[in-house]
C-alpha cells in the first residue's frame, strides 16, 4: 500500500509538472493573442517593427518550451501511467503538438516564415495589377516548401492530408473529401434549379446607405439580443472581422460599410458564434487543452450555426426587424419576409467567395480544395492554376472570371502558405446543420423561441454538448456524443433543400 | 593578426549571443506592457484571472532568462573584454539587473508579491472606513519583507538606500536626501510668504462643468499642439492616467472630470511628456537598454518639464486659450493672464498630494520620504505613522488632516510595497528645471516660441541631449553632459522663487 501511495504521489507530481509547462505555453499563446488583437484593432501605425519582434520572441519561447527534452520525458512518463480521462486528453493533445513541432527542422520553419512574409506583398501586387505571373514563382516555392514540411511530419502519408491535419487534426481527409464531393454533386444541380426558377424574391430590403455609428449601435443590439456576455467581451471594428481570446475575454470585431447593412449584421452574428463558443469553454480548464476550443471545423460550426440557422431564419427577422427599425427609420416599410428573402438570396453571377450566399459558398470552397490538393500532389502546375480555376467556376457556378484578380488571386490564404485551410469552412457549415438538427431533436424546434428573441435553450444545448468539453474529446467523438451519429452532410443537405426549395418554389 | 581576428570574431559572437538574450527579455517586458495597457484601458471586466496568469508567466520567463547561468557566463566573458562604449553600457545595465535579481531568493519575491496582493484590498478597506488599524498589520509585514529584501541585495548598505535604488539606481540617496532637505527648507518659508500675501490671484478661470467628449477633443488639441507623434501613439481614457510603450508605440491615457477641465489639460500634458520621451528613444536601440528610458527621475523630469515649464507658463496660455475657446465658448471671457494665474494657484488648505500645486507638492513628497525612511530604518513604528504624518502636515503645510483617509492612507504606493518611489517625483521636478534652464542657456528663452505654439526647438534639444541616449549613460553622466554640471536644486528654486515671487508680489 505504501509503495502504491508513493507511486501515486509521484505520478501526481509528474502530472503537475507537466501541467505547469502546458499552462505556461498556453499563457504565452494567449498573450500573443492579445498582441495580435491589439495590432489589428488599436495599435498605432508605426508599431509594427516592435510588435513583430515581440510576437516572434513569444513564438520561439513557446516553441522551445513545447519541444524541450523535458516535455518529451514528461509525456513518456505520463503515457505509461494511469491517468484520468481529462489528464489523458491533455497528454494526447500535447503529444500531437510535440510530435508535429519536433519533426519539422527549425530551418524549414524559418524558411516558410520568410517566404510567406515575402509572398504577401507579391500577392498584393499581383492582385492589384491583375498579373498572376508576379505571384506564381513564390506560390511555386510555397507549394514545394509545404510539401517538404508535410514530408517531415509523415513521409508515408498523402502530403495534403498532413497539411489539412494542421487545421483539422481529427477528421481524416477522406471523410472531408467525401463531404465536399457530396456538396458539389448535390449543390450544383440545386443551384441550377434555383437559377432557372422564375420566383421573384425580394433582394433589396437592405438597399440604401446607413450611417456607421448607427450600424455600430445596431451591431451592439444584435449582440445584446443573442446574449453576448459583455463582461467577457467587447466589440470593435477591424478591416477583416475576427474574434479572439479566451473564456474570460472573448472579443468580437466587425466592420461597417455604408451600403452593406445586412453584411455587418450577418458578420457580427458570425463572430458572435465564435466568441460565444470561446466564452462557453470551462473556466477551470483555462491554461490547458481542456479549456481550449476544438479545431477549425468545430469553431466554424458555431459561427455558421448562429449566422445561418439563427440569423438567416424567418423567425429571427420577425424578432430583429423591429429592433433594426429603431435604429433605421428607412426600414419602416420592410417586412420580415422581405428581410428574410434578402438575407437568403442565391446569386447567379457572384465570383467572390466572401460575398457568396449560403449555397454557392461551398462551390467556391470545393474549387479551392480541388486545386490546392492537386497543386500539392503535383497533378497541377502552378502556371495552370488560372485556367483550371476559371474552368471550374464555369462548370460549377456557370460564371467565368474575366480577370485573375477576381479569380484565383482573390484570397489571401495561399500567400500565407495555408493549404488545407479552406475545407474547414465548409465542414463547419455542414457540422452546424448536424448540431442544430440534434439540438432540435433533443429540445424541439427553436422557431418560436427565436421569434421571441429567446436564445438561452439553444445556447444551453451548445454549452452542454460542445463548449464545456474544450478539447477533451476528439472531433469525431465530440460529434458522436452530441448528435448520436458520425459526421454527416445529410442534415446540411436536408436543410438547404427544404429552405431553398420553399424560397424558390422548386 | 590571425589570432587577433579570431579573438575579435569570438567576442562579436559572444556579444551577439548576449544581445539576443537581452532582446528576448526586452520583448517579453514590452509584451507585458501591452497586456497591462490592455488591462487598464480595454479589457473586459471578467478578464482578470486569465490576465494575471499571462502576466505571471511572462514575468517568470523574463526572470529565468535574466538569472540563468548563461547570462552570468556571458556577462563575465564580456566584462573582461574590449567593448564599444554602447556595448559596455548594455553590459553594465544587465549586470546590475542580474545582480539584484539573483541576490533575492525566489521565495521572498513570491512572499512579497503575495503580501502586496493581500495588502491592496486591506488598504482600500482601511481608506474607505478611515481605519488605519485595518492596514497596519500588513504594512508592518511589508516593511519587514522589504527590509529583508534590501538586506539580500546589500547587507552592508542602508536598506532604504537599496530600496530607493530600485527606482533610481544612479542618484545616490545622500544626493537625493540633500535635495529634498533643501526643498523643505526653502519651500516652507516661501509657501508661508505666499499664504501671508494679500495678492488677489484669479483662481476660477476654469470654473464650470465641461462635457467629456469636448474635453477629449481638447486633449487631442493639446497633443496636436505639442507635436505628439500620432503615428506612434494614441490617446485613451483610464481611471489613473499613465503612459506606456516603446519608441514605436508610446500611448497616452488621461481622464475627464466634468468639473476639472484644467486638471485634464495638465494631466494630458504631463503624460505627453512621458510618451514624448519614449518616442524619442532611438529606434535602432529597441530591444536593449540603449533604446530604453533612463529611470524614474529622468522620466519624471520630462513629464514635469512639459507640464510645468511649458504648460503652466504665461506664453502657453496665450497660445492655447484661443484653441480651448474653440471647444468651450464659456472660456470666451477668460483672459490668458487669468488662465495662467488659475493654473498656478498655491493652495493653503490642500491635504491631497495628487491635487497639490507645483510648490506644496514637494512637501507632500518630503513627508512621505521622511516617514518611509524612518519606517525602514526602524526609527518609526507603524502604529505611530498617523500621528507623525499629521504632525508633519501641520508643521510643513500648516494644515492637519482630520482623518487618516485624507492623511496617511491617501496613496496606494505603500500597499504595493513601493518604499523609495516617492522621492523620484520631486527629483524629476528639480531635474526638469535644470534641463529647461540648460536648454534656454543653449538656445535662448523659449517664451516667444511657446506663444506661437512652436515646440520643435525645445523638443529637439531634449531629443539630442536626453532622449536619444536611452540608458547609454548613467543618470549623473547624462545630466552632466546635458547641462554641464552635476544634479542641483538651484534652478528649480530659482524658477519657483522668480515665478511665484512675481505672481504673489513677494
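Every residue, even glycine, has its Cβ placed from backbone N, Cα and C.
Annotated features in TrEMBL:
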{"type": "BINDING", "residues": "B:270, B:274, B:300", "note": "Zn(2+) binding site"}
{"type": "ACT_SITE", "residues": "B:271", "note": "active site, proton donor/acceptor"}
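Location within the structure of each feature annotated in TrEMBL.
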residue	record	contacts (Cβ under 8 Å, 6+ apart)
B:270	Zn(2+) binding site	B:241, B:303, B:304, B:306, B:307, B:311
B:271	active site, proton donor/acceptor	B:241, B:242, B:243, B:252, B:253, B:254, B:303
B:274	Zn(2+) binding site	B:243, B:250, B:252, B:299, B:302, B:303
B:300	Zn(2+) binding site	B:424, B:425, B:427, B:428, B:429, B:431, B:432
### Task
Give the sequence-ordered set of same-chain residues, not counting B:270, B:274, B:300, with Cβ within 8 Å of the centre of the Cβ atoms defining the Zn(2+) site.
B:243, B:271, B:273, B:299, B:302, B:303, B:304, B:306, B:307, B:428
